[in-house]
Amino acid sequence: MSRKIENLLVFAFTFAAFILGTTEYVIVGLLQDISTSLNVSLAASGILVSGFAIAYAMGTPFVVAWLGHIPRHMTIAAAYAAVLILTAVTSMAASFPVMLTLRISTAILCGLTLSLAIAMLSEFMSAARRAAAVAWVIGGFSIANVLGVPLGTLIGRATSWQASFLWTAIVGIIPLIIMMAIMPKSLTRSVVPVAQQLALFKNRRIVLAFMIPVLGVGSVFIIYTYITPFLEDVLGFPQQWTSSLLLVYGALTIFSNWLGAKVAQGNSRVKLKIIFLIQTALMAALALTVQLSWTALVLLMLVACFSYAISAAAQLYLIDLSDNAAPGSKDFAASLMPVASNLGIAGGSFLGSFVIDIVGVAYLPWAGALFAAGAFAVTARCYQLDQLEAKHSMQPAQSA
């Protein structure tokens, strides 16, 4: 397949990831309107956000394993089309239980689509290009935070929250058409029994690799979840500046995806260790400078520059480890990164709330530094195990 078609496929998957990210996150800016429309409290409507994340994290691996016998291109097209249909139907939800059911179903299909798209790229693209390709697709979610969510919120506020969901579904048809036209249909796949794929959770190496993104993502979201009170109450910036500062933060996360493509090339574990050391240092420095508003703001923006730099490397590492342990399990392995990310988000948010209750918002960076240091320790152990495995694999060859 030509380079032009390869680039078009990456574009289609990135565009689709943007739609999936908008589908997941746009509701955050519309919760007040939705709670009023469905006659539920704001706290209750928050379940639409947490329920989506939990369903995404818990349901995706099992659905990916269960549908492993179906050709990948067919599953991607069907799952993504179903996401668009459910998103459109969500705009017509007249009750909270119906909307929650639709959100849970959409979450699992979002996870299925993204996991299989990443698995296809990791197999289809050359070794030199797959890191950049995976980073772009993961970056689609970052772009959704920067562009999709504000635009969706703007549409919802100007018209209705229903219109926001409907427009997301309509725009999402564009990447669907491209994907259906150019997705490779001749890739060979080894069908691995579901039980054998689920057994990967018992593999110590994979569990350790799984913890890299859990701790890495968690370190960022400990602060990001509460970034508004951190900016306003701790650093003392005016409330009217918050939207602009968040826009800058979001734009820098897109840069972090570009950086992530570089990290994923070559010996990614060494680069990951460096990234986590930098994150630990930035978080600690941020904690020490909260009284210096502008210095702390610069450090916070530097944190954003590294926020998604681990994603592509962690994703490909999980795929490679899983494929070695159970050849043909790329699809299932690709589902582990989104699961780890959602667990990191949940864990970071929970720890952040605990820190706030005990000592206050100003101490969040210390918790972030602790998570980043933990991610460094886990990555260092993974690198050590990789080196030992490489050494053992060379010994038989030398003796022969």
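Just so you know, glycine gets a Cβ as well, placed from its N, Cα and C.
Copied from TrEMBL, the annotated features are:
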DOMAIN    9-392  domain 'Major facilitator superfamily (MFS) profile'
TRANSMEM  7-28  transmembrane segment
TRANSMEM  40-67  transmembrane segment
TRANSMEM  74-94  transmembrane segment
TRANSMEM  100-121  transmembrane segment
TRANSMEM  133-155  transmembrane segment
TRANSMEM  161-182  transmembrane segment
TRANSMEM  206-227  transmembrane segment
TRANSMEM  239-260  transmembrane segment
TRANSMEM  272-290  transmembrane segment
TRANSMEM  296-319  transmembrane segment
TRANSMEM  331-356  transmembrane segment
TRANSMEM  362-383  transmembrane segment
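Of the candidate ranges 40-67, 74-94, 239-260, 272-290, 272-290 has the most C-beta pairs within less than 8 angstroms of the transmembrane segment (206-227). The stretches the transmembrane segment (7-28) and the transmembrane segment (362-383) are not in mutual contact, being linked by fewer than three Cβ pairs under 8 Å (pairs 6 or more apart in sequence). Same-chain residues lying 6+ beyond the ends of the transmembrane segment (362-383) with a Cβ under 8 Å from its Cβ atoms: 205, 208-209, 211-212, 215-216, 218-220, 222-223, 226, 230, 234, 269-270, 272-273, 276-277, 279-280, 283-284, 286-287, 290, 303, 310, 317, 348, 351-352, 355-356. The transmembrane segment (331-356) shares the most Cβ pairs under 8 Å with 40-67, out of the stretches 40-67, 100-121, 239-260.
No contact links the transmembrane segment (133-155) to the transmembrane segment (272-290), because fewer than 3 Cβ pairs that are 6 or more residues apart lie under 8 A. Outside the transmembrane segment (272-290) by six or more residues, the chain places 212, 216, 219-220, 223, 234-235, 263, 296, 299-300, 302-303, 306, 309-310, 313-314, 362-363, 365-366, 368-369, 372-373, 375-376, 379-380, 383 with a CB less than 8 A from a CB of the stretch.
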